[in-house]
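A.B. asks: Please find one structure pasted underneath; my questions will follow.
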Amino acid sequence: MLGSSFAVKAARPFSLLFFKAGQNRANMVFQVQHKFNKKISLNQLKSHDTQRHGRLLAAADLPIGGDRSPTSAALYYTKITLGEPPNPYHVQVDTGSDLLWVNCIECETCPTRSDLGVPLLLYDPEGSCTSKKISCDDEFCTKTFDAPENSDCKAGMPCQYACKYGDGSSTSGYFVSDNIHLAKVSGNGQTTILNGNVTFGCGAKQSGELSSTEQALDGIIGFGQAKTSVLSQLASSKKIKKTFSHCLDGNKGGGIFAIGEVVEPKVKTTPILDDKTHYNIELKSIDVNGENVKLPTSIFDFMKNEGAVVDSGTTLAYFPDDVYKQLMEKIMAAQPDNKPHTVEELFKCYKYSGNIDEGFPVITFHFANKLPLKVVPHQYFFTVEDEWCIGFMNSNVQGKDGGDLTLLGDLVLSDKLVTYDIDNQVIGWTDYNCSSSIKVKDEESGNVYEVFARDLSSSHYPCSSRVILGLLLFLAVVFIN
């Protein structure tokens with residue numbers, strides 16, 4: 001989600017790899033689960049998307065659970081371990097925010113149970129011998145967090161945080177530092193424990209959906225680029241590399257999520273635009289079966305400056321009104337005798353029994369550095385019962401210059417290996433079989449590891465008619481000092 005923290009699409013299992021810049025390198029494992037609501041309405045889906053545009057981590061192998069259907073949209077969550085003695089916490093994976101925070105022992109508005117069926121646990125700083133409260137004169141508060149200078153935050157006082165998310169919910173509390181324990185891959189199929197120390201928020205007050213038992217978790221872990229993210233903190237301490245890739249299987253569900261350098265397949269890249277909070281890249285043109293979409297000068301200039309946002313944390317694709325109308329007209333022209341009807345006053349849907357890829361056009365987005373993104377019909381349509389609905393919407397997300405953003409979510413990113421190289425500020429992709437495997441490099445040793453796609457079963461987790469839980473496993477390649 002753009003500039004906020006909310007549900008990341010619960011569509012498939014991932015493989016995540018971390019690289020630690022030390023003397024040896026190994027793989028690391030996160031156990032990640034996903035949840036999705038089978039009865040989520042299409043209106044809720046769009047509302048979800050407006051709150052969850054974002055980014056992700058560096059290199060790791062993580063099995064993914066779930067499917068690509070937007071009607072199954074909800075959130076990804078993982079189980080992390082904090083403190084000494086270590087305790088488990090289930091936190092939402094949010095690629096559009098930066099902070100890690102967990103509900104704390106003094107919180108009176110935090111949920112005590114979850115409709116997801118996961119146990120909730122309040123973090124107790126006094127219960128961990130390695131926990132340390134961060135004060136206003138601590139370097140994290142004065143430099144990393146970049147807290148505003150005011151008379152309210154003085155030396156010795158707790159360094160406080162407050163976050164408001166796109167759905168209106170909010171969290172506030174204070175910062176603490178403590179040990180985080182990650183599962184590090186020490187060989188093929190073998191893991192050991194990697195310990196690190198991170199600073200995170202101790203949530204003392206929650207409001208809105210964060211105080212509800214529905215979809216309740218222990219907190220949120222943000223995977224953004226800011227210095228406050230766990231990703232940036234671990235990279236700063238030379239434990240991981242700030243490069244990650246995902247491959248989302250649009251057919252079977254599941255896929256691969258990797259942190260670190262992917263050596264196979266090769267990926268062509270395009271630059272990330274400067275001074276952007278999210279993964280903005282310059283969109284040069286769009287064609288539908290080879291016929292160009294006419295971009296007004298104002299939109300063309302805006303796309304050159306603001307670009308399109310690539311966001312696997314969003315489900316649908318969003319376009320400025322002029323672009324959206326042209327795309328819809330060209331798509332619908334392929335079936336002149338089969339008029340779509342509108343579902344929930346939002347989505348254009350078809351009763352269509354034929355091969356969707358043969359009945360509708362291919363759409364290609366052309367980016368800087370001559371990088372095309374080809375999207376076939378089954379990648380921009382989604383099914384609702386026995387109907388096919390177009391996963392394109394009018395944009396309601398504005399850039400800092402005031403124009404409507406183009407935002408490409410995971411429907412159009414499926415069946416592609418997408419790589420985010422934060423260090424070199426580039427993004428790239430290639431069409432790929434996401435049910436197969438990729439190869440990642442341990443940079444320190446030069447070893448190459450094969451990372452396999454996984455689609456983990458939800459059979460080991462509580463299941464109801466409304467909620468299905470899946471399991472995701474993060475594998476990370478790390479350097480060991």
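Placement of Cβ uses the backbone N, Cα and C atoms for every residue, glycine included.
The structure displayed is predicted, hence computed values, not measured ones.
Just lifted these from TrEMBL, have a look:
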type     : residues : note
ACT_SITE : ASP94    : active site
ACT_SITE : ASP311   : active site
DOMAIN   : 76-430   : domain 'Peptidase A1'
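What's the neighbourhood like for these features in this structure?
C.D. replies: Counted within 10 Å of its Cβ, the other Cβ atoms near ASP311 (active site) come to 31, all protein chains included.
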A.B. asks: Suppose we draw a 10 Å sphere around the Cβ of ASP94 (active site). How many other Cβ atoms does it contain, all chains included?
C.D. replies: 31
A.B. asks: Fill in the CA-CA distance, ASP311 (active site) to ASP94 (active site), as an integer in Å.
C.D. replies: 11
